[in-house]
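Asker: So that we are looking at the same thing, I have put the structure below in structure tokens.
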């Protein structure tokens, strides 16, 4: 079944073009010009990904992203006409999976969409398939490598993570105690895209830390190795 994308932008010419372009790539596409229309569309249909413009006439796209993240981990690719690092980092820290600055090449947007969707439905790691090990336990948390979920080990309380945050945690738990360079993390999350900066990784790390550490920075599980990258300061145990 074709994956469903909701494009939210008040530029009618752009949304009409993207609707036709993405449909030719095999996606089902709906459009909305305002945050209100987006909300109505989401009430009546389920989507696999949202392409969301930051500058909407009836709401700030940053705030819209924050509201979506209160109840959903639906993948979001943010569009912004403001080519400022601050704006891009804020969008990622609020929960966007990726961003793209206007004007952009349609093929670049397509590559970002494919990358985010691939992370959201990625198959279990090869090692998991080979050994039939489904879970990873670390420091009071459990990852389900088949369902692609994260929860607390003590009471199975689910912890909502985006597809990008899950992929980031997967990379860290692949190499516990070892330093992953930003370059290695970029490659794990975005492949060979050259338009993603180190600041994007830092923003995703900030969000993931909040969920794992609950504000206790003294016991942060994800440690910064300045000038190099990040490491997971925990033992990881795999289980069936």
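Including glycine, each Cβ sits where the backbone N, Cα and C put it.
Quick paste from TrEMBL:
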- 4-117: domain 'Response regulatory' (DOMAIN)
- 53: 4-aspartylphosphate (MOD_RES)
- 133-234: domain 'OmpR/PhoB-type' (DOMAIN)
- 133-234: DNA-binding region (DNA_BIND)
Asker: Helix, strand or coil: which one is residue 53 (4-aspartylphosphate) in, per DSSP?
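Answerer: Residue 53 (4-aspartylphosphate) sits in a strand per DSSP.
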Asker: Helix, strand, coil: count each for the residues of the domain 'Response regulatory' (4-117), based on DSSP.
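Answerer: Going through the domain 'Response regulatory' (4-117) residue by residue, I get 55 helix, 28 strand, 31 coil.
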Asker: Give me the long-range Cβ neighbours of the residue listed as '4-aspartylphosphate': same chain, 6+ apart, Cβ under 8 Å, in sequence order.
Answerer: 8, 9, 10, 11, 61, 78, 79, 80
